[in-house]
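For reference, TrEMBL has these:
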- 191-555: domain 'Peptidase S53' (DOMAIN)
- E264: active site, charge relay system (ACT_SITE)
- D268: active site, charge relay system (ACT_SITE)
- S467: active site, charge relay system (ACT_SITE)
- D509, V510, G533, D535: Ca(2+) binding site (BINDING)
Amino acid sequence: MILPKVSAPNLEPSMTNIFHLHPNQSWVSLGRADPEEELSLTFALRQQNLERLSELVQAVSDPNSPQYGKYLTLENVADLVRPSPLTLHTVQKWLLAAGAQKCHSVITQDFLTCWLSIRQAELLLPGAQFHHYVGGPTETHVVRSPRPYQLPQALAPHVDFVGGLHRFPPTSSLRQRPEPQVTGTVGLHLGVTPSVIRKRYNLTSQDVGSGTSNNSQACAQFLEQYFHDSDLAQFMRLFGGNFAHQASVTRVVGQQGRGRAGIEASLDVQYLMSAGANISTWVYSSPGRHEGQEPFLQWLILLSNESALPHVHTVSYGDEEDSLSSAYIQRVNTELMKAAARGLTLLFASGDSGAGCWSVSGRHQFRPTFPASSPYVTTVGGTSFQEPFLITNEIVDYISGGGFSNVFPRPSYQEEAVAKFLSSSPHLPPSSYFNASGRAYPDVAALSDGYWVVSNRVPIPWVSGTSASTPVFGGLLSLINEHRILSGRPPLGFLNPRLYHQHGAGLFDVTHGCHESCLDDEVEGQGFCSGPGWDPVTGWGTPNFPALLKTLLNP
């Protein structure tokens with residue numbers, strides 16, 4: 001499943017070109033950075049034994065394998081992927097010669113984060129030219145290079161990419177939708193709350209953490225956003241009255257800013273902790289945020305440097321695949337594979353743009369997002385209630401991200417399900433719009449429409465996006481892990497091989513609705529449509545908790 005690394009073309013006899021800034025309309029250059037200013041760069045060192053790592057992920061994640069559940073420790077992973085002595089020596093010598101100071105490695109030794117002056121960084125990476133930029137909803141300041149950098153030819157076999165030059169911090173796609181119109185309110189709910197979720201997905205008041213296991217869960221936030229403890233406490237007072245819960249986060253990793261709470265940050269924490277009720281919860285909050293750093297990359301580095309981690313991580317983050325360099329996307333995929341080998345369940349939101357759309361050589365195509373398209377994560381799509389104010393069957397939420405990767409081939413675990421969808425769907429878009437042989441996503445779904453969130457002490461209704469469905473699904477998997485741990489079994493780990501092997505058992509199949517895509521004469525704004533079984537809009541469907549617990553409890 002690992003694609004071969006594609007080496008970049010040589011621009012000069014002695015240099016290898018790597019990557020340039022993807023134009024982003026919302027960031028404005030404030031001019032060149034001061035040469036004496038310091039910035040932090042992350043060097044991703046070439047790893048070893050990735051084919052073997054891929055085989056081990058398959059072995060520990062496949063319920064038919066004798067190795068199932070026998071996850072690797074971080075130290076096992078380090079022994080496998082650690083860069084060669086030649087790579088370590090070559091890169092360290094290069095950085096020392098450039099005057100790099102305060103370099104920090106990780107347990108796996110495959111990342112180095114170093115502080116350099118702008119002058120040193122521009123000498124180290126010919127072509128790079130650092131500017132100050134401002135942008136995003138909170139007017140964030142970052143230092144980035146609008147020009148491609150080059151690596152000396154001797155370094156090209158040893159460095160996958162250098163982080164902190166090109167990718168801008170993400171922005172939220174969460175939306176607050178207008179309230180649906182309704183007459184009369186008898187027996188109706190007025191938006192999604194924890195009690196609505198618990199009722200729809202068949203949880204009882206007993207379906208909470210025991211408080212006695214070493215079970216834990218986490219959400220990771222990379223926006224310039226923070227949650228407030230006071231909002232979480234108020235949310236639980238308003239909406240957590242009928243189930244045992246924890247009213248505070250166990251551990252915050254990274255910076256918790258003092259500014260206003262963000263709706264997305266509040267949503268993640270409030271719904272992870274009310275779905276995965278009474279389970280110890282960590283929050284990764286824009287970890288290590290600095291003008292030169294990329295929060296998502298910093299999170300991946302933290303995973304490679306911490307041996308005891310929560311079992312379930314939910315992440316509402318994504319970029320268009322086409323905006324990322326091949327070197328970067330392949331290396332991040334390897335980091336997600338390392339997490340899978342360790343038995344971590346990583347859930348990513350599928351995105352809020354349906355199938356997406358962009359123009360390639362004057363022709364429209366759908367636009368997949370990453371890491372949603374990684375074969376090593378479980379990707380969560382979105383649904384709405386068929387009747388907006390009744391706890392009824394679910395249909396597609398038209399924003400639910402889904403489709404087929406243009407980078408990663410279809411993994412073996414989903415071969416049967418995807419082939420069946422492609423051969424039986426009556427509403428397939430034209431084949432020129434998508435790569436039918438790519439990794440297809442999402443894998444599962446949950447409600448993504450019309451949530452109540454408390455932010456800055458104010459209850460806010462009608463918040464929508466797969467940023468809502470992802471922590472809900474994650475919390476329910478944490479409850480299943482609780483049962484597994486208490487009965488002496490390992491946590492679920494990388495779920496997809498088991499999920500597809502069991503043909504989505506324990507999930508409500510969502511069979512009605514289509515998501516959005518290109519507004520053109522050929523597809524007229526319609527992407528893929530849901531149908532019986534797996535589909536690239538809602539995956540296998542949404543959780544029916546007692547049935548899902550039963551199907552995932554053994555072995």
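From the backbone N, Cα and C atoms, a Cβ is placed for every residue, glycine too.
Everything TrEMBL records as a feature, shown here on the structure.
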residue: D268; record: active site, charge relay system; contacts (Cβ under 8 Å, 6+ apart): C219, Q221, F227, V283, T314, S316, S467, P471
residue: D509; record: Ca(2+) binding site; contacts (Cβ under 8 Å, 6+ apart): P532, G533, W540, G541
residue: V510; record: Ca(2+) binding site; contacts (Cβ under 8 Å, 6+ apart): T383, E394, I395, V396, A445, S530, D535, V537, T538, G541, T542
- Task: Take every residue in the domain 'Peptidase S53' (191-555), average their pLDDT values, and give the whole-number result.
- Result: 94
- Message: Fewest other C-beta atoms within 10 angstroms of its own C-beta: which of the recorded positions E264, D535 fits that?
- Response: E264
- Task: State the count of C-beta atoms found within 10 angstroms of the C-beta of G533 (Ca(2+) binding site), not counting that atom itself.
- Result: 18
